[in-house]
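Novice: Below are the features listed in Swiss-Prot for this protein:
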SITE      Arg88  site 'Transition state stabilizer'
ACT_SITE  His92  active site, proton acceptor
BINDING   His259  heme b binding site
Amino acid sequence: MSNETKCPFNHTAGGGTTNKDWWPNQLNLNILHRHSALSDPMDKDFDYAEAFKKLDLAAVKKDLHALMTASQDWWPADFGHYGGLFVRMAWHSAGTYRTADGRGGAGGGQQRFAPLNSWPDNVSLDKARRLLWPIKQKYGRNISWADLLILTGNVALESMGFKTFGYAGGRVDTWEPDDVYWGSEKIWLELSGGPNSRYSGKRDLESPLAAVQMGLIYVNPEGPDGTPDPVAAAHDIRETFARMAMNDEETVALIAGGHTFGKTHGAGPASNVGAEPEAAGLEEQGLGWKSTFGTGKGKDAITSGLEVTWTSTPTQWSNDFFKHLFSYEWELTKSPAGAHQWVAKDAGDVIPDAFDASKKHRPTMLTTDLSLRFDPAYEKISRRFYENPAEFADAFARAWFKLTHRDMGPRARYLGPDVPAEHLLWQDPIPAVDHKLIDDADVAALKAKVLASGLSVSQLVSTAWASAATFRGSDKRGGANGARIRLAPQKDWEVNRPAELAKVLATLEGVQKAFNDAQTGGKKVSLADLIVLAGAAGVEQAAKNAGVAVTVPFAPGRADATQEETDIEAMAVLEPVADGFRNFLKHAYQTPAEALLVDKAQLLTLTAPEMTALVGGLRVLGANAGDAKQGVFTDRPEALTNDFFVNLLDMGTEWKPVSAANDVFEGRDRATGQVKWTGSRVDLIFGSHAQLRALAEVYGSADAKEKFAHDFVAAWNKVMNLDRFDLA
């Protein structure tokens with residue numbers, strides 16, 4: 001007998017006990033290397049924007065309209081129309097978005113992948129996506145799954161008589177799951193009192209989370225932890241919807257508008273429902289939740305466990321939701337699956353059955369629906385919408401557009417003929433460039449003016465970084481375009497050293513005015529461009545100080561936003577609570593500073609080598625917040641040297657923590673005991689973490705002087721242009 005037949009083959013690559021099992025607190029750099037070309041099946045020269053522009057969008061919409069009423073035996077349509085199912089699919093695709101870090105949302109089509117494809121709140125959406133496959137198959141690469149999911153929701157609304165606000169394509173598919181923090185609970189739908197709860201205090205939801213339980217999009221429809229209390233549920237609704245950038249009016253419009261259509265499904269006990277897609281057998285082919293209750297579909301379907309139809313027009317836009325909400329008193333009951341829900345007292349049977357035209361039912365509501373009546377603020381808005389149907393329709397159209405486009409970033413990324421003409425404040429509008437751009441000669445002249453202005457390398461670099469590093473690759477917000485660093489709230493953020501920033505901006509504005517006043521023919525430089533250009537001049541000068549010649553690329557074309565074009569409250573979420581690139585922590589956090597650095601780097605779409613080069617360079621250029629000396633491992637400040645790495649890796653230095661929290665360290669000369677340097681956790685991680693140390697050793701080597709400078713410039717230029725979608 002051969003060895004192969006004796007021994008079971010159980011040692012495949014990637015299996016076995018992992019590093020994470022051995023060292024659960026080890027810094028995870030994997031999030032910096034997601035969504036690379038290695039997982040993307042598209043050709044290297046594939047341009048999705050160009051592919052989408054060739055799409056016959058009207059033909060796609062026509063096919064989607066036909067699908068709405070083409071009920072399939074394997075998953076029959078409620079009321080003969082898939083509209084309600086597809087509205088829920090689109091809502092749940094977009095509704096994972098949260099403002100705190102911009103993660104989640106419809107971009108990338110993440111609903112196709114774990115964990116979202118198997119969340120308890122997404123039961124049966126596997127069927128919705130499978131219904132769409134023939135259309136996706138037909139149009140192929142010209143429409144992404146991410147775009148198709150949202151377009152289908154829009155067409156569903158339109159097919160049921162609702163006029164939508166518009167639609168934009170441009171969401172590029174991802175090909176692997178995002179690595180997003182959805183909570184620490186180990187059990188789906190874990191209650192708030194359980195281990196690793198996301199709640200503290202009276203009911204304070206952990207940031208950045210925007211859902212009340214693991215596996216839910218927003219709130220528990222039965223009420224907080226399943227307690228059927230509409231007033232208490234209103235607290236959860238307000239908190240979670242606000243964390244998705246929705247105010248009270250938008251929240252009411254979305255709930256009432258969405259619940260005008262379709263129904264929930266709770267025909268029988270949840271014990272009849274099988275494993276979710278990620279745990280189902282191969283034979284299920286990516287589907288999940290196979291039910292043994294009756295036929296397991298149609299009238300026997302089990303999704304949320306609730307059995308509610310809100311309106312008498314579940315496939316047609318109407319004002320029935322508010323009519324029923326206010327026309328009846330409501331009594332608590334339970335669904336056939338045992339879930340808490342509400343039924344109208346003394347109401348007639350006015351609600352159609354989803355599959356039997358001879359049957360009617362009394363109106364039913366969810367606990368969270370009744371919140372719109374029994375919360376005083378929601379009730380006021382709800383009555384106004386009830387009495388003014390046109391206002392309600394407009395509010396829902398706008399809120400739905402915001403919900404489904406919030407994570408797309410600026411209008412420059414919007415594609416297609418259905419993009420609405422109106423510019424909206426939440427899109428962080430930036431005026432179109434209305435002047436002739438500066439040329440190479442102007443760039444050189446402006447660099448000279450900036451360097452002669454009295455501003456230091458540190459000031460130039462720090463200001464450019466502060467302007468550009470607000471960018472978030474998650475929701476494409478922030479960045480240098482718009483020069484919002486000179487506006488509230490950014491100009492007042494602690495990390496930006498407001499008093500120092502004001503001096504720098506005043507000097508740069510003087511350079512800008514002198515240049516613009518001297519021009520003829522309409523040529524101008526925007527402050528947004530000048531801030532980035534000044535940073536480039538600072539980096540070039542720093543490299544020169546180190547004996548290296550570099551040219552930082554520069555592309556003009558940024559414009560200056562106004563205060564009126566800036567939503568102060570919405571912009572406030574971009575304020576860094578931590579920026580390891582500037583050695584900044586606003587407060588002490590439970591999450592280690594080095595993990596916050598990696599999180600920031602991921603939002604900046606940086607790789608581990610890019611992050612390493614930027615930290616090492618920014619330290620020696622004096623970009624620390626508050627001019628702190630931690631991590632400034634050089635006696636040649638404002639020179640773009642590799643001193644940070646050389647001195648960090650020097651075995652002549654012994655490091656010891658000097659704070660109770662182990663977040664400040666002193667590096668002493670091993671021979672004399674003299675303090676040589678001070679550093680933060682962010683600084684020391686580049687010598688402690690094996691993978692980061694390997695990168696630090698590259699840049700700390702004797703032959704790395706020029707390589708480091710050029711790598712820093714490349715990473716710097718990347719950050720400066722992250723929001724330049726016009727250059728893509």
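Cβ atoms here come from the backbone N, Cα and C positions, even for glycine.
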Novice: If you draw a 10 Å sphere around the Cβ of His92 (active site, proton acceptor), how many other Cβ atoms fall inside it, taking every protein chain shown into account?
Specialist: 21
Novice: Just to verify a number: CA distance, His259 (heme b binding site) to Arg88 (site 'Transition state stabilizer'), in angstrom, no decimals.
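Specialist: Cα-Cα, rounded: 9 Å.
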Novice: Would you mind listing, in sequence order, the residues at least six apart from Arg88 (site 'Transition state stabilizer') in the same chain with a Cβ closer than 8 Å to its Cβ?
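Specialist: Sequence-distant Cβ neighbours: Leu125, Ala128, Gly258, Gly262.
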Novice: Could you check what DSSP calls Arg88 (site 'Transition state stabilizer') once collapsed to helix, strand or coil?
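Specialist: Helix, per DSSP.
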Novice: For the residue listed as 'heme b binding site', which DSSP three-state class applies?
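Specialist: Note: the residue listed as 'heme b binding site' is coil by DSSP, not helix or strand.
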